[in-house]
Amino acid sequence: MKKTSFLKDKHVKRLVIIMVLWAVFMAITRFSKFYTVINFQTMFAQFPEFGLMSLGVMVCMITSGIDLSVVGVANTTAIASALLMRSIGGDTGTMAVFWIPILFLFAILIGTVAGALNGFLITTFDIPPILVTLGMGELFTGIGIVLTNGAAISDFPKDYAYVVNSRFAGIPVQFIIFALVAIVLAIILTKTTYGKKIMMIGTSQKAARFSGLKVNYLLIKTYIISGICAALGGMIMLANYNSARADYGTNYTLQSILIVVLGGVSPAGGRGKISGVILATILVRVLETGINRFPQISSYYISLIWGAVLLFVMVLDYFSENNIKLLKRK
Amino acid sequence: MNKRIKKILQQNEVYILIIIFALSLLIQFRSGQFYTPNNIVDILSAMVVPGMFAVGAFLVLLSGGIDVSFPALASLSAYAITKSLLDAEYSGNILVPILLAIVIGIILGSINGFFVGYLKLPALIVTLGTSSVFKGFMQGTLKSKQLAVIPSGMKKFGTSALATAENAKSGLTSVLPVAFLVLILVLIITFFVLRYTMFGRGIYAIGGNESAAYNAGFKVKRTKFLLYVFAGVIASVAGVIRVCMMQQAHPTNMLGMEMNIIAGVVLGGTSMVGGKGTLTGCMLGTLLIVLVENSLILIGVPVVWKKVFVGLLIVIGTAMSAYQVKRADKQRVKLTVDKEVA
Amino acid sequence: MEDYVLRAVEIEKHFSGVRALDKVTLEIKRGEIHCLAGENGCGKSTLIKVISGVYQKDGGIVEYDGESVEKLTPIDAIKRGIQVIYQDFSIFPNLTVMENLAINSELVENRKFVNWKHVREIAQQAIAKIGFKVDLDAQLGNLSVADKQMVAICRALMFNAKLIIMDEPTTALTKREVKALFKVIMELKAQGIAILFVSHKLDEVFEIADRFTIFRSGKLIATGNTEDLDDKKFSFYMTGREFDNAVFKPTNVTKDNIIQVKNLSLDGFYKNINFAVKGGEIIGITGLLDSGRTELALSLFGLKPSTSGEILIEGKETVIDSPQAAINSGIGFVPEDRLSEGLFLERSIGDNIVISEIDKLTKKGFVDKEKYEREIQRWVSELTIATPNADNAASTLSGGNQQRIVLAKWLACEPKVLILNGPTVGVDIGSKHDIHSILQKLANAGMAVIIISDDLPEVMQNCSKVVVLRDGQVAGELDTNDIQERQIIDIMM
């Protein structure tokens, strides 16, 4: 445990170092444009949408699975919610505030159903999670397209976006939602037996079965958590864009996997810390916003930088891990 | 007994074939448009690029790896080649673009191969990373834009017809481009490599049992490296072919194809853990995906439903083949036990 | 001068400063059967890897046929006539028998292309050498373990092998298959091929080996002729300890059955199984590998629920259709394959111990850290698990200590019935002895213990009763006091 927690700390440490370096660099080069309250408020309103999806991918990856359906689920949730609001308030009408928590419950319901379906298919048929969630992602995106005819929906009451886009004591509501989910998830992962159990499942599903863990039940639960995270991410996208469409945020699938791996979660399962993933999420946003402050640099370089950072981190892991392995071997 | 096992093993291809046939009959029945010369030709030409991608994805899956970077690799290579040839006002034939594609494919593929083969990093994450790098390089460094004009040689290659088919009823004609031969060529080469070279057997061996392959004397690292290079070359060439066939270079519209291609390969019976799969199955699975993507409109399914059907196909298809494997395993155990008892 | 196929003299090997081999010497004469023995982690696998070119030595001399070789790759070793048959046989389950047979020789010939006619010829020659009959076109994965091993042996024979190294070749074989294997080994010997036979099963060493070498913690302890070796010496060389092998006499047997099985059946695997175990008793269930014993074990733990019949726990009929149901009715299960089924190798020793009872270590729905740690410490000391820190990964321990973790996991659940499937497979003699005394202590504390094993000395020594399975049915239920091992074998076959 000491060795592994040291390793995990190393992940977090590395991310912190990159973040600090970047912060210093931005302070030297673009202080006045980067270090503004509004800039930070914008960033903290934006990252929760993919941050939530990354949290979902994280729990699945801890069990050595993966969830490629997050974006599909998010968009479908956003579309369904938009349609629901439209029927509540009429085309340009308004909607009473009490509907907003109900909308969130509705989103959680959709996320639960989506996740349960993923989990059910993975556990009953033994299909690799990557395929199930890929197919389910397509399916959900497809349903979204059918519901909208492929177009964006924006004619629904503005009250929802207004509330979620507002700030509470200067803190964006989007971030508050993200923080709440992250805290709940952190408690679940570190303090409950569920957290311990999914780590064990990620290490060895077979041994988990032979130890009497309810593997299928736990996996379904995991994909439900991921589904809920994705659905909430969709709700934030709905607020941020003030519209819903089946193909928003299509690059978030890869981005969330990137974030999770950057955050120190092992793709082989059994290892991962929520703090790393949250740091990686913020880092990705801060990097992107920072680069945008340099108009001469194409924002397209961001994807190159992410990829390079991901590969670099993996190579670092490779070397440090191999040392540890050599020490262990007799 | 042996025949029975063989049958079980072959089932996946047979199943896919039956499904394809049933689907074609359904389309024929509903629209009368499936078994028409021009529709067949359309499907064949729609198979060219996905088919080539599928071969690359198939080879990598066979070794127990996965490659999600091929669309980005193909896009980068195709864009770079088209753009530089345009800048150089190249007016020769298709040979130079293809040669360039092979060279770029080798370079980009060797990046994947280095990380996966020599550093033994997980293939999914590596290729996600390189995919992101390729895309960023294309859009950032090369500042890619849609190119409405492509070099004349490529254009000519894209439009030159191998065969033309006309639908007697509707009068519609479809052209089977010469590019189709490239797919055939790739299939023949791959078949030969897999069946008659030690490199090809090495791919199967590594997918079946990597440490055994090492013990037996296979150069595992080098084989994997070369495999990703080979897959990179196929993808790169496919990218150029696609530009030729579309008569324009659209930098991003190949991106996102990776998962459906892989799903098609897996539907065709290729195991995600490596070692098992046939080229025939790989092509049939891809054909099924292509059919669903292109032909649903013929039976009156609106375009907006396309993704729903593709999603359902992936989920149900993989569930069925997973179920098959489970049942075959059970039956095998039972058979041997029965034999012992008797 | 003696004619040696292989001399490895004063070999040293380090892994990041840890000395795995400390000047060990192994000499194998032409055409002899040489047994290499030692407990897990004694360095025998490391030495094999050095000999076969997988590892590079850090010091010492390796001579093949009297010729000293400095640097060696696996291919070189094969060319020099050294063949290793690893425990997993290094085969390709997804390829045909024919390809598996031919692939090595093609690699050695450094072929770039495959000529299928040639492949078939090679394969036919290979199986003809020892008269092995098999369908060359069958997929290897569909063969039985013994046949897979025969394929591996045939493959090894193809390059004029002078030395065949077999790494614990009998572990996964039934008694009958071991007999057949020994016949093949004797035949090879007659052809002048030397065999290095790695085993820690005493009876096998006596039965087949001409000479032996024993390592302990990376050092050479003894080498010599098998005639000069006996039981006592063998265990002493292996462990550095002496044991008494007294037969267990239960002292605290309850009046009523704790577990009773009535007409239990699982279609295609076993039929109408009946037996009962009282508290304080240890009973054995034995049979050949395919007798249904493993499936019966899995059924009792709910992993492969039975299709008909009853299981009574303390006289009450109990449905056991999942491991959870089994645990809730007081059944613990130590599985056959410790490494993949019993342990989470990369997780800490502590996590491994408490995973099955984790739901009890909570306070208001959250894990109670204090209780958690206390529980771990309790079991580490109770079962004397040798580790400096329970936070270390389970993979850092030896086989015996790992098995103790698995035992601890179940004891922590306070079971009434403990079922162990092959409890000491791959465990060295010292730990085996310790595990037996733990089981005996548990029985004396009132637990019903069921040992499923084909290690007959183990059964005879610990169990008061043995149920023999054959072809999925009870072929006999015997009192171990009245019988000899021989009789059990007769019923098993």
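Count begins at 1; order follows the chain as displayed.
Just so you know, glycine gets a Cβ as well, placed from its N, Cα and C.
Marked as transmembrane segment by TrEMBL: B:12-29, B:49-82, B:94-119, B:175-194, B:225-243, B:255-275, B:282-302, B:308-325.
Counting only same-chain residues 6+ beyond the ends of the transmembrane segment (B:255-275), those with a CB under 8 A from a CB of the stretch are 12-13, 16, 50, 53-54, 57-58, 61-72, 75, 131, 135, 204, 206-209, 281-286, 288-290, 293, 310, 313-314, 317-318, 321.
When each of the listed stretches B:94-119, B:175-194, B:225-243, B:308-325 is scored by C-beta pairs under 8 angstroms to the transmembrane segment (B:12-29), B:308-325 comes out highest. For the transmembrane segment (B:175-194), the partner stretch with the most Cβ pairs below 8 Å, chosen from B:49-82, B:94-119, B:225-243, B:282-302, B:308-325, is B:49-82. Contact counts against the transmembrane segment (B:49-82), taken as Cβ pairs under 8 Å, peak for B:225-243 among the stretches B:94-119, B:225-243, B:308-325. Here the transmembrane segment (B:225-243) has long-range neighbours at 48-49, 52-53, 55-57, 59-60, 63, 65, 67, 70-71, 73-78, 81-82, 97-98, 100-102, 104-110, 112-114, 116-118, 150, 154, 158, 179, 182, 186, 193, 199, 203, 249, 254, meaning same-chain residues at least 6 beyond its ends whose C-beta is under 8 angstroms from one of its own. Proximity of distant same-chain residues to the transmembrane segment (B:308-325), defined by a Cβ-Cβ separation under 8 Å and at least 6 residues beyond the stretch ends, is recorded for 8, 11-12, 15, 260, 263, 266-267, 269, 288-289, 292-293, 296, 301.
Long-range Cβ contacts of the transmembrane segment (B:94-119) within its own chain (Cβ-Cβ under 8 Å, at least 6 residues beyond either end) map to 65, 67, 69, 73, 76-78, 80-82, 85, 126-127, 129-130, 134, 151, 153-154, 156-157, 220-237, 239-240, 244.
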